[in-house]
Amino acid sequence: MTAATPTAPGWAAALGRRLAGGANSRWFPYLLVLPLVLVLWGFVVQPMFATFRESVSANGTDNYLQFLSSSGVARESLFTSLFISAASVLLCGVVGVAMAFLLKRFHFRGRRLIEAFILVPAALPPLIGAVSFQLLYSNIGIVPRGLQALLGTDKPVLAFDGIAGVLVVHTFTMYPFFYLAASAALAGMDPSVEEAAYNLGAGRVRVWRTVLLPMLTPALISASLLVFMTSLASYTAPLLFNVSQTMTMQIYINRTNGDLPMASAYASVLGIVSIIFLLAMRWYEGRRNYQSQSKGVSAVRREITNPIGRWLAPLASVLATLVLLAPVGAIALVAFSADRSWTTEVLPPTYTFENFVTIFTDPKAFQPILNSVQMSLIAVVGCVVIGVLIAYAVRRLTFVGRGLLDVAVMIAWALPGTVVAINLISAFSTGNAFSFGQVLVGTFWILPLAYFVRFLPIVFRSSSATLALIDPSLEDAARNLGASWLRAFYTITVRLMLPGVLAGALLAFVHGVGEFVASVLIYTSSTVPISVAINNRMYSFELGTAAAYGMLQVLLIFVVMWFSGRLESSRTATRRAEQWTN
Amino acid sequence: MIDVRLTAVSKRFAKSSDSAAVDDVTVTIGAGEFFTLLGPSGCGKTTTLRMVAGFYFPTSGHIHFGDDDVTHWTPNKRDTGMVFQNYALFPHMTVAQNVAYGLKVRRVSRADQARRVEEALAQVHLAGYGDRRIDALSGGQQQRVALARALVIRPRTMLLDEPLSNLDAKLREETRAEIRRIQRESGTTSIYVTHDQAEAMAMSDRIAVMESGRVQQVGTPHEVYYQPANAFVARFIGRSNVLSLPVTGAGEQRVQVRLPGGASIEVGAPAGHGLAEGDTALVSARPEHIALGGDDDTASLRGRVSHVEFTGMATHVTVDVDGDEVMAALVDAPAGMALGDVVGLRLVPERLWVVKP
Ligand SMILES: Nc1ncnc2c1ncn2[C@@H]1O[C@H](COP(=O)(O)OP(=O)(O)O)[C@@H](O)[C@H]1O
Ligand SMILES: [Mg+2]
């Protein structure tokens, strides 16, 4: 490389040349990656350090020593959080694996019905999801009160409260991690291995213990780590079921009490634990799994032949489907109930369209929707630009520190929303080089920034997955036909990535519109997003209006799910094109 | 050692109820016998074997192991040793753990387990491989682990479903000799499934030739080769010309037929062939039982050479005899034989056999 003398116009020309044709240069990747590194450093990594500085600013390491003292709230909260996470892993594991076995290994009437709705509870936005379970299963919930009325007891029956309530929410919303992992592992497993064990004389229990479970282990461990992390980050469930001594709740409580250093200490500890789990997951994913490429007899679903089972199966399927749809049903029901009318009855007594009318006609009530949509759109644009470029850099370019770039994005994914919020508060409540010296906290921009940080990994992941399916030689072919790097990138790679990127962007947008966890810590009165509005309405007992907002979020999710399903078909087309080029 | 009896066994799968995958199969496999199910892909071999193993239950019919009616026993109660086509080794266990699995299930003492695993591994020439991971083995080695795992439990019957089909040609020939040696040593009644007739001929005591779910013929390799029951068997085992020839006379196990040249020859026929003068007989003539012959020979055909292929051991020629293609494997073909030459072919009457359609 003969570098031009770095006079200002010469430098610009050299840069231009490099971007246009010099993509093969050794420096090119760094030129592309530098702005990406700055973004990730400025908005993901550097704020973590700011939080740590904040946590030791007032009284040194005292805040951390509280985690060691045996009587303190800090230690209690840490332990409660860890306990809830461990219990969630156990419950989700049992439910998820059982569902996977039932649905993938057996053939019975009603199986497809369950399969169609199995992911619905998990697809709800965090706040409205937790609210729906509160409406259903807490001691003010429909089910316990219904049972109370039915059985004539003087207390709600089977009401879940406190930690038990949190675990119900976690089980319903996180078992899909296990279900999906176990289903994939089961589908990839060679059925003749199981048969070989039977052939050698093993009974059903033994085959389970010695063959099936060990072969599912890699999938189950990955799912366990995921559920543990997600439970640790969970905030809305403890909030609604009044479990105040968890890490996330303590962050919120200390922040609202004005003790930012203590909130930062909690955030740092939670952040570090989350990152440790992230690294453990990445380490584990690199290890072997037991998928086989065998072309033997394909897995046969077992017919349920037991006559009792044959009658029970459809019944149980309908029941399971009802349970899966109940959260959405509860939200929909309450959305049409009059505010403050529902007190001690099993179901809301009076119904009205008023809630929706209010939302759409009262400008003040409509403002949160506008806010959420606007802020999410801004964040998604950022996510797409940065996410696609990072995906491209990580997948296609070779440069020192590639792995670190990848990890940096995934840190953004691993950090709980509460921690992201505290990090941004710590970093941007004073002027910062990355905000061009501006204070961002208390302005409009802090929420889009939080959404950007939280949902960048979603766009990154789906872009990266699509990119993995696109043959690199397509871009080479374009270059060979005379296209510049930029042209080849835009006309070939970006074009082929489009369905995947779009799917990721839609998902990020949906998450943005449903975001609550970070929002509630950093929103300003002029930028109240939908979820915070829901929370405020609940606080003033306007359940109907709160549920109506929630219903709109849920509708948006269903529309996007349907649309993504349609995108899926064009994505398979890309995959097919991929096969032709090989 | 026990015998295995299949009595009128049929299997219909729920979805394809129109035709049976296995249709009224009755065979008896003798104690200690190496018995092969041979037939083209999709003819129901695997289904039959899996019914013996207990992975499918017959729609009708019975399966006996010795005096036990095992028709509806679950697989783990049958004490069979199955070698799967794709080996089905447990990927999360070492070689030794794989082999020991069946012994553990049978509560064999630890010391005995270790000894028997060692023996079994030595038997398949894998002594010292016990601590290897499965994915650190070649295909041939994995195949032998699968064999050892089935052998070590000293099963009542060994069931092998195309165990060699994933190996390359050379290894396949070595391993088939090896499997047969081990089977002879252990004397275990064995049922072997293959679509490769050469493999079946080389290994088996007896062969059942199957097509479309039905058994076409059961016999020793010699019998199915020299006395095929029908045209399908004649063509499927090796290659064969099936000639339609007019019957000029019939005996108990002999039939006289007239060749296109006009001469009558006497050929072998199964008892109860039911042919009489005036009928048309199907006569199987293998290419290697056809030689170049003089015009005066009674058992001769004449025609024009339409295809020549030199293989080294023999020259394979196809001769057009009055519009019928006749294949011959000639060991004494002249070097200059060319397309269009008119040649005389001599049949070996004692090797001809009347087959059913
Ligand atoms: N589990 C099954 N369900 C439905 N049909 C099957 C099943 N297994 C095999 N068949 C059918 O039964 C027939 C025989 O199959 P198979 O025994 O596997 O043949 P082979 O092993 O001789 O190649 C085939 O037509 C096949 O499609
Ligand atoms: Mg088969």
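Glycine is no exception: its Cβ is also placed from the backbone N, Cα and C atoms.
Predicted, not measured: the structure shown is a model, and the values here were computed from it.
Under the heading transmembrane segment, TrEMBL lists A:27-49 (among others).
Per TrEMBL, the feature transmembrane segment maps to A:78-102 (among others). Within its own chain, the transmembrane segment (A:78-102) is flanked in space by residues 67, 114, 118, 163, 166-167, 170-171, 174-183, 186, 216, 220, 223-224, 227-229, 231-232, 234, 238, 243, 245-248, 269-270, which lie at least six positions past its ends and keep a Cβ under 8 Å from the stretch.
The domain 'ABC transmembrane type-1' annotation in TrEMBL covers A:78-281 (among others).
Annotation comment: TrEMBL describes A:114-137 (among others) as transmembrane segment.
Here TrEMBL flags A:157-182 (among others) as transmembrane segment. Residues 80, 83-84, 87-88, 91-93, 95-97, 99-101, 118-119, 121-122, 124, 129-130, 133-134, 137-139, 141, 143-144, 147-148, 151, 216, 219-220, 222-224, 226-227, 230-231, 234, 236-238, 240-243, 327 of the same chain lie 6 or more positions beyond the ends of the transmembrane segment (A:157-182) yet place their CB under 8 Å from a CB of it.
Taken from TrEMBL, the feature transmembrane segment applies to A:219-243 (among others). Residues 80-82, 84-86, 88-89, 92-93, 96-97, 126-127, 129-131, 133-134, 138, 160-163, 165-166, 169-170, 174, 177-178, 180-182, 184-185, 213, 249, 252, 270, 273-274, 277-278, 280-281, 284-285, 289, 414-419, 516-517 of the same chain lie 6+ residues outside the transmembrane segment (A:219-243) yet bring a C-beta within less than 8 angstroms of a C-beta in it.
For the transmembrane segment (A:263-284), the residues of the chain that approach it from at least six positions outside its boundaries are 48, 51-52, 54-56, 63-64, 66-67, 74, 77-78, 81, 218, 221-222, 225-226, 228-229, 232-233, 247-248, 250-252, 254-255, 407, 410-411, 413-416, 418-419, 422-423, 426, judged by C-beta separation under 8 angstroms. Residues annotated as transmembrane segment in TrEMBL: A:263-284 (among others).
Annotation comment: TrEMBL describes A:311-338 (among others) as transmembrane segment.
What TrEMBL records for A:369-564 (among others) is domain 'ABC transmembrane type-1'.
Among the features that TrEMBL reports, transmembrane segment is placed at A:373-392 (among others). Long-range neighbours of the transmembrane segment (A:373-392) within the same chain, counting only residues 6 or more positions beyond its ends whose Cβ lies under 8 Å from a Cβ of the stretch, are 32, 36, 39-40, 405, 409, 444, 447-449, 451-452, 455-460, 463-464, 467, 489, 493-494, 497, 501, 504-505, 508-509, 512-513, 515, 527, 529.
The annotation transmembrane segment is assigned in TrEMBL to A:404-428 (among others).
Remote same-chain partners of the transmembrane segment (A:434-453), defined as residues 6 or more beyond its termini with a Cβ less than 8 Å from a stretch Cβ, comprise 38, 42-44, 46, 375-376, 378-379, 382-383, 386, 412, 417, 420-421, 424-425, 427-428, 508, 511-512, 515, 518-519, 522-524, 526-527, 529. The transmembrane segment annotation in TrEMBL covers A:434-453 (among others).
Among the features that TrEMBL reports, transmembrane segment is placed at A:546-565 (among others). The list of residues near the transmembrane segment (A:546-565) in space but at least 6 beyond its ends in sequence, with Cβ under 8 angstroms from a Cβ of it, reads 123-125, 127-128, 131-132, 135, 328, 331-337, 355-356, 358-359, 368-369, 503, 506-507, 509-510, 513-514, 530-531, 533-535, 537-538.
Of the candidate ranges A:27-49, A:114-137, A:311-338, A:27-49 contributes the most Cβ pairs within a distance under 8 Å of the transmembrane segment (A:404-428). Same-chain neighbours of the transmembrane segment (A:114-137): 99, 103, 143-144, 158-160, 165, 168-169, 172-176, 179, 234-237, 239-241, 317, 320-321, 324-328, 330-331, 334, 510-511, 513-517, 531, 534-535, 538, 546-547, 550, 553-554, 557, 561, counting only residues six or more beyond its ends whose CB sits under 8 Å from a CB of the stretch.
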